Every structure is written in structure tokens, then in C-alpha cells.
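Student: If you scroll down you'll find the structure; I have some questions about it.
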Amino acid sequence: MPPVRRVLLKLSGEVLMGEKQFGIDPAFVAELAGEVKAAKESGLEICLVIGGGNIFRGMAGAAQGMERAQADYMGMLATVMNALAMQNALEQLGVETRVQSAVQMDQVCEPVIRRRAERHLAKGRVVIFAAGVGAPYFTTDSGAALRAAEMQCDALLKGTSVDGVYDADPKKDPAAKRFEAVTYDRVLGDNLKVMDASAVALCRDNRIPIVVFSIREKGNLARVLAGEGVQTIVQGEA
Ligand code: UDP
């Protein structure tokens, strides 16, 4: 784990479901918020990006005959709901939070304004970036890479349901091996399942290390930040 002062934490929407099959489990969101709070109290500046897969994915809509772009806009709205749920949970723990959405929604949150986000971080607030990049045919992974680059984050932490990057799907192949570290080019060349290619390429071009870890295990975010957790780091050649 490289030394970090400011991080972008990306959480897939599905981790907000907890043990449910769909939607938001407020008790689990509160637990996640507790981990974010602890990370912030360790002195980090935190930008958050949350996916929407627990509610709606554009590809799933398209597979059932919807127009892809229309379905993607629904997916973006889902990420705003998740952002508001996380904001609520963080503020209930006393962590000041602002949501900035790439799809403007004046009544519920701010638009994305980089300089304003800087100001929030300087004041000790957590900034949640919602609606990905604000365009269809993208994912929140690309949104996370974009915000990590423009906010000059030292690392992109991807908290998901698997504990790193494997050379094969660990659910299907028991011999699958987890990497401790792997290069951006190997991830792209071997099509390893980390984030979509555009997100990985953006991180590579801006030299942002990607740390993939499981956010489902309690306390794991703190362990990963301390360099102790189980994780895979995606970075350039040593
Ligand atoms: N989405 C989009 N553009 C973006 C970000 C998200 O169109 O910049 C849509 C897309 O349909 C995606 C959905 O929002 O499927 C939810 O995001 P994502 O699949 O990235 O969520 P996650 O898998 O992280 O839960």
C-alpha cells in the first residue's frame, strides 16, 4: 500500500445490500459508514463513489429489451439513491458529508464542482460523487477513476465482495490464484476482472494505484489502509 493522504473509495452498490438480494440494508450501510468514519479519523481525506448495481444496472435493462442509454440513466439515478443513503448514515455518525452528482439534481445534492469539492475536503467533509461520469455507456468504476484523477487522489480503493484480483474466477476455479500485485497492462491484456478497461486505463495513464479488497469483512478497510489486509494492488512496472 503506497503512502496515502487522500483516497478515493469506490464501493460497489451490491455491498449496500448486506445479506439482502436487492436494495439497501440500512444496518449494513451504517456499518460501512462506521468504517469510513474510522478511516477519516485516521487523518485521511476521503472521496467516495458508490455504484448502483444493488438497484439497477443499465446492461441488465438493455438485456431485457430496454434502450441502453435510457437504462443507463436509470442506473445513474440508482447511484444517487445510494449516495443519499450513505450520506445519511455518515451524518448519523457525526461525519459531515456532501453529495455531488454528475446529473444535476438541485433539490437533493450539489452538482460536481471540483473546486468546491476541494473546499469540502479542506473542511474535513467526506465528498460523495454520485451518478458516475454523468453519461451512459460508462460505469461508476470509470466515475471513480475520473474523480480520483481530478481530485488528485493518491490511490483508488475498490471495496467489493472479493478480496482481490485472481488469475481466474475463484468461484468457478478452485485453483485460481490471487495476485499480491499486478500491473495495469497485465490486467488489461489478460482481461482480468478488476474494473472496466476504461477505468483501468485512466488510472494507468495518471499513475493512480488501484487497491482491490473485500469490504464485506468488518474492519478490513482499516487493515488495508494499514498495509495489513488481504488485497491486490494494481500498479505500473516496479
Ligand atoms: N451508469 C452510467 N454512467 C456512469 C455510471 C453509471 O450509465 O457514469 C449506470 C450504468 O447503467 C450502471 C449503473 O449506472 O450499470 C450502476 O452503476 P455500476 O454498474 O457501475 O454499479 P456497481 O456495479 O458498482 O454497483
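Glycine is no exception: its Cβ is also placed from the backbone N, Cα and C atoms.
The domain 'Aspartate/glutamate/uridylate kinase' feature in TrEMBL is assigned to 6-214. Here TrEMBL flags Lys10, Leu11, Ser12, Gly13, Gly53, Arg57, Thr160, Tyr166, Asp169 as ATP binding site. According to TrEMBL, the feature UMP binding site maps to Gly52, Asp72, Val133, Gly134, Ala135, Pro136, Tyr137, Phe138, Thr139, Thr140.
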Student: Can you tell me the CA-to-CA distance separating Gly53 (ATP binding site) and Ala135 (UMP binding site), as a whole number of Å?
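Tutor: Checking the Cα atoms of Gly53 (ATP binding site) and Ala135 (UMP binding site) gives a distance of 16 Å.
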Student: Of Lys10, Thr160, Asp169, which binding-site residues come close to ligand 1, meaning Cβ under 6 Å from one of its atoms?
Tutor: none
Student: For a quick check of understanding: given the listed UMP-binding residues Gly52, Asp72, Val133, Gly134, Ala135, Pro136, Tyr137, Phe138, Thr139, Thr140, what is the maximum Cα-Cα distance in angstrom, as an integer?
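Tutor: Of all Cα pairs among the recorded UMP binders, the widest measures 14 Å.
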Student: Distance check, please: Cα of Asp169 (ATP binding site) against Cα of Ala135 (UMP binding site), rounded to an integer number of angstrom.
Tutor: 29
Student: Within its own chain, what residues at least 6 apart in sequence put their Cβ under 8 Å from the Cβ of Val133 (UMP binding site), listed in sequence order?
Tutor: Ala102, Ser142, Gly143, Leu146
Student: Using only the residues recorded as binding ATP (Lys10, Leu11, Ser12, Gly13, Gly53, Arg57, Thr160, Tyr166, Asp169), report the maximum Cα-Cα distance in Å, whole number please.
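Tutor: Maximum Cα-Cα distance: 24 Å.
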Student: Round to the nearest Å and give the CA-to-CA distance linking Ala135 (UMP binding site) with Thr160 (ATP binding site).
Tutor: 23
Student: Under DSSP, is Lys10 (ATP binding site) part of a helix or a strand, or is it coil?
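Tutor: For Lys10 (ATP binding site) - judged by DSSP and reduced to three states - the answer is strand.
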Student: For the binding-site residues Ser12, Gly52, Gly53, Tyr137, Thr139, which one has the sparsest Cβ surroundings, going by other Cβ atoms within 10 Å?
Tutor: Tyr137
